[in-house]
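**Student:** One structure, pasted below without further comment.
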Amino acid sequence: MGATLLSELGTEIAIPVCAVVGIVFSLVQWFLVSKVKLTPDRHGPSSSPRNNKNGYGDYLIEEEEGINDHNVVVKCAEIQNAISEGATSFLFTEYQYVGIFMAAFAVLIFLFLGSVEGFSTKSQPCTYDKMKTCKPALATAVFSTLSFLLGALTSVLSGYLGMKIATYANARTTLEARKGVGKAFIAAFRSGAVMGFLLAANGLLVLYIAINLFKLYYGDDWEGLFEAITGYGLGGSSMALFGRVGGGIYTKAADVGADLVGKVERNIPEDDPRNPAVIADNVGDNVGDIAGMGSDLFGSYAESSCAALVVASISSFGINHEFTAMLYPLLISSMGILVCLITTLFATDFFEIKAVKEIEPALKKQLIISTIIMTVGIAIVSWIALPSTFTIFNFGTQKVVKSWQLFLCVGVGLWAGLIIGFVTEYYTSNAYSPVQDVADSCRTGAATNVIFGLALGYKSVIIPIFAIAISIFVSFSFAAMYGIAVAALGMLSTIATGLAIDAYGPISDNAGGIAEMAGMSHRIRERTDALDAAGNTTAAIGKGFAIGSAALVSLALFGAFVSRAEISTVDVLTPKVFIGLLVGAMLPYWFSAMTMKSVGSAALKMVEEVRRQFNTIPGLMEGHAKPDYATCVKISTDASIKEMIPPGALVMLTPLIVGTFFGVETLSGVLAGSLVSGVQIAISASNTGGAWDNAKKYIEAGASEHARTLGPKGSEPHKAAVIGDTIGDPLKDTSGPSLNILIKLMAVESLVFAPFFATHGGLLFKIF
């Protein structure tokens, strides 16, 4: 034991300052993106200064690229407005429905937790030290409900801000592509960085403020304080689930409809303005891949922080009221913001991209640079914020841990994330043999393409699972469940960079769509396609990070739940636990079936509508008439709102039903089963879908001799690749990414309701 180098006052200053620095940096990036004007410059290119490094004021002399074509700029602005309005309208509709669900669930939290002690206002003996008194269960009910609502609102804000930034930037990226691929890359990446830093900084700042406000009431009862804070993670993941599922159904219904009718049946380009589903498709990229992903990673961050804080509160940090050491997880996240800020400058200011082949390496360097610098950052935080020796709660005992051991726990999570990222890239990038083999299999039709893609997805699970397993073993050996929680935080410590390269993908995808719809030259579309192909891979890497961190977070939450529910051991040989394992392992399949069928049903309606318009609107195929975009947007909106409720209810109600009727032992089996099963399916689904998508792009780009033998667009191998991509769409953008929320959400919900389940749960076993 011993004092920390960083004082309590220093901690109270450092965390909010780092959060504010992140917010300011994101606003600076937004300002730089906003310098790309969406209004025609009537004075021509000579009115702009020339000395800006990133080319905002370069002479624009390439007439072929439409630099001086005012109509192109106006057209881009109109398309961007249509996409932005569609995305905003959908999110407002979605949030209205989800808001009702959240209000009802908040009431449930209050009633369940308040009833633990019969809504008594008397102080009660502390769970882990019966000699001391803690705040009443009613206080836990009230503050857990408040933190749940706070987490839900922050998650909504994260998703909404991400969507607004992405729709603000897509047309600007298109216009920058006229000057070269480097300028377009910087516009897209800076826009992604705005989202990444806003989300990371907001999540950290709101959690820090909530802890300090709750401390005014709880005082020295840190155990009760951080138990109530777990509601923050529950609120974040609840909203993320509906955002991911609803947004995923929306985007894939439009994407499948646009692809099957437009590309396969009518043989027109992906984002051709004649395609009635094209606006809905572009809207979907923002509400699914941006808003949904933002909420998802915010939920992971909130839950891993909450899991670490709960375990720390009953360890020496909480027992001895060591404020700096207690907030070690928040200090790690604060350091992460500073590290990501430096890393971002490498992509936007220190090095410039001059060729298409430099895009993907530049994004990979972001991951490598941030991981290396963050390793040093973790060492610094561990040195100044931790006593040299301390104890960590370990299932009823206190385990002695040294500060360097905790540094290794965070470090192993950080580097495991990098390994998962690179394995994901290997299996989903068309620069490597796995995706090229999938593309080659298209020569014999869609069936062999599907077989190769499924095999690739299953195989891609192996190394990430070993990386997660080693992380768990090392971190648990050193620091029990707290070690696993901070390993998850290590994986998420560079969340700002991870989100920047993830959001970059949909922004580039939209930029390509706008270039096509605005009738810009083929060279512009080649540049945006190159940005998009790299973005596909980085999006898969982002999903890999989310799934890997979800596994660690869920295990840490599971450990906290077992401790809070006062379960001495989880014995899989007992019938109560084993039936839970079976049911838990089945849940990801049930959930995936619901989400995939939802996409299929919505896509069916979309395909029928797109066909109807092509068949009944005179002159549409010739380009003389305008399609009815609004009807397709409405089909996607209505389908996603209707279809997101059942899978959401399945995840939210399962822990309540199992815990209430079957008890905490069965629920522990359900959590373990869903974790083990869900991680495998999620990695496989995401990587299979990503591989099919990039196999299609590999054929379309025709960058190698092998690719040219399979193309061009419209060839039989290309049509087979489109079918594979269409099957993979709901796998990689709806079911796969939503599964990591399923395992996290069920675990954090079980932790929040643990006092109720421990007191009143297992009604059926009590009756019989």
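Each residue, glycine too, has its Cβ placed from N, Cα and C.
All TrEMBL annotations are machine predictions without curation.
Because the structure is a prediction, the values reported are computed rather than measured.
The transmembrane segment annotation in TrEMBL covers 13-33, 97-116, 136-163, 184-211, 326-347, 367-385, 405-428, 449-474, 480-501, 545-565, 577-596.
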**Student:** Under 8 Å between C-beta atoms and at least six residues away from its ends: which parts of the chain pack against the transmembrane segment (97-116)?
**Tutor:** 137-138, 140-142, 144-145, 148-149, 152, 231, 234-235, 238-239, 242, 246, 641, 645, 648, 652, 656, 752-753, 755-756, 759-760
**Student:** Flag the pair the transmembrane segment (367-385) / the transmembrane segment (480-501) as in contact if three or more Cβ pairs fall under 8 Å (sequence separation 6 or more).
**Tutor:** yes
**Student:** Need a quick answer: max count of Cβ pairs under 8 Å to the transmembrane segment (326-347), which of 13-33, 136-163, 405-428, 480-501, 577-596 is it?
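**Tutor:** Per the Cβ count, the answer is 480-501.
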**Student:** Is it the case that the transmembrane segment (480-501) and the transmembrane segment (405-428) have 3 or more CB pairs under 8 Å, with pairs at least 6 apart in sequence?
**Tutor:** yes
**Student:** Which range wins on Cβ pairs under 8 Å with the transmembrane segment (405-428): 184-211, 545-565, 577-596?
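**Tutor:** Stretch with maximum Cβ contacts: 545-565.
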**Student:** Could you pull out which residues elsewhere in the chain have a CB under 8 Å from any CB of the transmembrane segment (577-596), counting only those six or more residues past its ends?
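**Tutor:** Same-chain contacts beyond the ends: 245, 248-249, 570-571, 646-647, 650-651, 654, 658, 662, 665-678, 681-682, 685, 730-731, 734-735, 738-739, 742-743, 746.
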